[in-house]
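S.K.: Per TrEMBL, the feature active site, proton donor/acceptor maps to B:Tyr146. Residues annotated as active site, schiff-base intermediate with substrate in TrEMBL: B:Lys174. The annotation pyruvate binding site is assigned in TrEMBL to B:Thr60, B:Ile213.
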Protein chains: 4
Amino acid sequence: MTSNEAKNISPVDEIKKLRLITAIKTPYLPDGRFDLRAYDHLVNLQLEQGVEGLIVGGTTGEGQLMSWDEHVMLIAHTVNCFGDRLKVIGNTGSNSTREAIHATEQGFAVGMHAALHINPYYGKTSTEGLRMHFKSVLEFGPAVIYNVPARTGQDIPTSFIEALAKDPNFAGVKECTGNKRIHGYSSQGMSVWSGNDDEAHDGRWEHGARGVISVTSNLVPGLMYDLMFGGGNIALRDSLLPLMSWLFHEPNPIPLNTALAQLGLIRPIFRLPYVPVSREKRREFVEIVEKLGLEHFKGATQIREMDDDEFHLVARY
Amino acid sequence: MTSNEAKNISPVDEIKKLRLITAIKTPYLPDGRFDLRAYDHLVNLQLEQGVEGLIVGGTTGEGQLMSWDEHVMLIAHTVNCFGDRLKVIGNTGSNSTREAIHATEQGFAVGMHAALHINPYYGKTSTEGLRMHFKSVLEFGPAVIYNVPARTGQDIPTSFIEALAKDPNFAGVKECTGNKRIHGYSSQGMSVWSGNDDEAHDGRWEHGARGVISVTSNLVPGLMYDLMFGGGNIALRDSLLPLMSWLFHEPNPIPLNTALAQLGLIRPIFRLPYVPVSREKRREFVEIVEKLGLEHFKGATQIREMDDDEFHLVARY
Amino acid sequence: MTSNEAKNISPVDEIKKLRLITAIKTPYLPDGRFDLRAYDHLVNLQLEQGVEGLIVGGTTGEGQLMSWDEHVMLIAHTVNCFGDRLKVIGNTGSNSTREAIHATEQGFAVGMHAALHINPYYGKTSTEGLRMHFKSVLEFGPAVIYNVPARTGQDIPTSFIEALAKDPNFAGVKECTGNKRIHGYSSQGMSVWSGNDDEAHDGRWEHGARGVISVTSNLVPGLMYDLMFGGGNIALRDSLLPLMSWLFHEPNPIPLNTALAQLGLIRPIFRLPYVPVSREKRREFVEIVEKLGLEHFKGATQIREMDDDEFHLVARY
Amino acid sequence: MTSNEAKNISPVDEIKKLRLITAIKTPYLPDGRFDLRAYDHLVNLQLEQGVEGLIVGGTTGEGQLMSWDEHVMLIAHTVNCFGDRLKVIGNTGSNSTREAIHATEQGFAVGMHAALHINPYYGKTSTEGLRMHFKSVLEFGPAVIYNVPARTGQDIPTSFIEALAKDPNFAGVKECTGNKRIHGYSSQGMSVWSGNDDEAHDGRWEHGARGVISVTSNLVPGLMYDLMFGGGNIALRDSLLPLMSWLFHEPNPIPLNTALAQLGLIRPIFRLPYVPVSREKRREFVEIVEKLGLEHFKGATQIREMDDDEFHLVARY
């Protein structure tokens, strides 16, 4: 089902060069469907601040709570509206090889530039199973491999990544196990993106990371741009650490979702099993924003603590 | 879930002006999935001959045999690859209002220019039900209404169409009941496309039809272009009638599918319940092609009768 | 995927013997999901009055508005709760052969006793296509073939049915073209069920029909039982004609849905494109009930005209 | 969508009493669909050896590789064929609350006796999110909670379980973190099933575990029955440890799938990302079977090493 006509087909090298990629939030309407106007607004803010690529439907974007048809639709929508200005990396990975193949094939057919592929979480598999899984999906186009053992329960071995790196569609790794691992991969010439915002500065300037696939850049894209392009900057890094720490005090994207609602950038709608952070933590976020400066939170014109009853949780959508 | 960012958003007037729209064939791989390379090739041939719009996943394109996710994917793919050169009209109609809403919303989100909407076939409904059904889908963007009682079992009354024509998203009607009905609508200023190739010439030049939504143009797009743009031309019309008659001697798209296979433009794969026409009719098609001239069958380099065992039928895909 | 363990596997002969089969209504909750408590209550009323079989998710039961997973779930639910007391005939037919195969296979796997199969409506096909379509689905178990050209736009030829009748899984025909056709089939030994309530009495007692697949029996199952089992009874037939005529004054199941709501047997929820009948026709129904006698409308304790604003239409569910 | 008619509705107490539950394997046909005949045969073997309940579509049964419609179908099939002889516990859990609700609701509607619910793996959530997630699904019927941090990346806190245990539909916990945790729960009167076969004997006889939810019982149900019902038996336990150790030397169900194929009980078909264990490990399994005695491997008439090319991997199904 491959096509030679898909627009903006990216050589894998263009993916390898990206430095600042945002794992973009998916906002919702009160009935739980996508709020595309809010989404478009968020993406425009990203573009204005220099973000070069998006992960669509990542764990941050709650791909795990989407049906595949809405997931691929969101990829196609993003390509249609913004694909000429940034790289669209669809999170078409899955712990089911069938689903990963289906979504990846569809994603490239609608014009995405690259895929993000996870190892089979929860169900897990053997090394030979991993090999077959990734082989099945890498044939369709450029792929970033995602290693996050704290979510998957299974670390992708370095030797495995090193072998996979020979595949012409291998674009690099989003690595969450720390800068030491990143250092090892980048020394071998691989593109590696830090999956941990708090380690991204050091990863970039001391350990050879190509850049970051960031959650924080949903809120302060300009500051994350400076962090990746502006040269080593310990002061900037340290000023961002309280925000980054707050964003991961509960499983991501729980704090991010709450933050965007508090900033008035999205409606305060949560798809279960996500719920807002506690009132106390919302108050803490207000303080963080005020300290860092509301002007860095692009698009926001206010910051509010918000009451519990302002949030709306949806279970059926 | 509407978006203001979708590319190439068409004012409804741009849809109204189209004259030559092809109900494009969907070609398949041996396992029944879409053959996107063959599809892209077919669309490029259409573009070269001046076709201005496509119905994606119409009855000709076998939308009725698609899952919605592959249907919307094909719309998104077509938009991505060709949406800047022709109008993409997704057949996101359904006899289920829920499905029509879902597909139409997704289709516009991925950039289609207009929707084709059928009245609820098979299940049918009352006039008030029709009204609610069309109202539910017209809010999303420009729509062509499709009336084909020989398929739906229910004629859309002229008074109903005349009322619907006031909707700002009403782009016109694909009408299959004949030129008299077309005449009546066009006299009132509506854009009407003939849904019967054999009546399209007279519809266009004598009854005010805007143009045609054509099956025949899958095979001879250049001749259909002449028929719609070249002025009244009885000789051309008459020379095409044997082909048009053959294309509808069995329910469309059975003959079209067979013809494209005989011309070597698609693999000879049929999704059931479609099957090739008989050997005798395939021989007849060879004669029709030879009489009309193979050079008019764009992209074809051969015409063959083909054996029964060259065709492959798929039931699970 | 066939199983030898499915409970209550019915020899095709048990299906052939049924006389009174109800095309059962599917009731809804306010959000459009199935109201299984109301459904169970309706089925219990059917059982009490001697109904021998159910069509689950027929056009009356609005299978055309179901996703396949909810359709098969409803079949499985009906089998689980009532499959030891009546025959469950799942309407697993489709105009897509793939979908018909998938649903039929699943339906038999969860214990349905027989399938109802329609010819491919709307998309249509050739005679050879028909043959391949029915062959693909008859292998899974007993099947009733459904001919309703006013919905499908294509009459199944008698010669076709006569050939199909040789298939060991052919259980008979639900025929809507009238008693002359029924007479012809029954003369050849086939089981035929009238699909027209108003012709069912004569079909049964004068033309050899095995019985009826009834809409009216949703309301007056006991009277329909008498009509099928009590011997020819012109007076009973004539007393029912006004009700039957009313039930088909708009496309079925529009009047039936309205009637069940007026009788308090279901919530007044409609899935679009279905809407209630007009106020005037609702008043007429009250009169019909009063004339026939509320006591025949099993389970009902009242009959009301109902206001327009008591009905709730759902488009997304 | 609840129903009072579902057959064999189990009071939660009947679930609590179960001791030997098998996480049953799902066997496949060459095209990747379910092999229901093989499945039925496996379940009959389980019944003959005294197994009291089944987890349908667990991680062992590869629920993570099923579409929900085939998953619910398998639950319904199992209920229909075997629901009067053992308890059917559908693994209708998910990391998406929407999916868990939908599947659980459908599972109970088709007659399953209880649900197995996992905490949201991979996507994870906060404690409050966990609470909302489980609350959303426990309303439908009896539920066993499944804690397996090595797969989910997130341990369910004991305090959380202790609070959840007050829910009238809480049937107990499948616990994989070891016998110490089990001891704590069982001391408080909860039903706990060991999720680790190698610890199940001690769990049962020394730590108050109610029983086991077993992988090993797919192969040697009779021996597992003795282990749970025959009194403390160190010799039996130790004789089984090599088999248990082998079954988990790669992520389950990789070894189990290979073993069942080597025993001739299923076709050697794997849905990716699962693949057979290595040749060397297959040889080891032959030795384990010979040492333990082929007669304990119910239904098997042979044990073979099998060649690599005898296994068939399916990626699209």
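Backbone N, Cα and C atoms are what each Cβ position is placed from, and that goes for glycine too.
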S.K.: Using a 10 Å cut-off, grab the number of neighbouring Cβ atoms around the Cβ of B:Tyr146 (active site, proton donor/acceptor), all chains included.
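M.R.: Summing over all protein chains shown, B:Tyr146 (active site, proton donor/acceptor) has 25 other Cβ atoms within 10 Å.
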S.K.: Rounded to the nearest Å, what's the C-alpha distance separating B:Lys174 (active site, schiff-base intermediate with substrate) and B:Ile213 (pyruvate binding site)? Just drop the number here, would you?
M.R.: 7
S.K.: Check B:Thr60 (pyruvate binding site) against DSSP and tell me helix, strand or coil, would you?
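M.R.: B:Thr60 (pyruvate binding site) sits in coil per DSSP, no helix or strand.
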S.K.: If H, G and I count as helix, E and B as strand, and all else as coil, what does DSSP give for B:Tyr146 (active site, proton donor/acceptor)?
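M.R.: The three-state answer is strand.
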S.K.: Over all shown protein chains, what is the count of other CB atoms within 10 A of the CB belonging to B:Thr60 (pyruvate binding site)?
M.R.: 22
S.K.: Here are the recorded positions: B:Lys174, B:Ile213. Which has the lowest count of other Cβ atoms within 10 Å?
M.R.: B:Lys174
S.K.: For the C-alpha pair, I'd like the distance in angstrom between the residue listed as 'active site, proton donor/acceptor' and B:Ile213 (pyruvate binding site), rounded off.
M.R.: 10
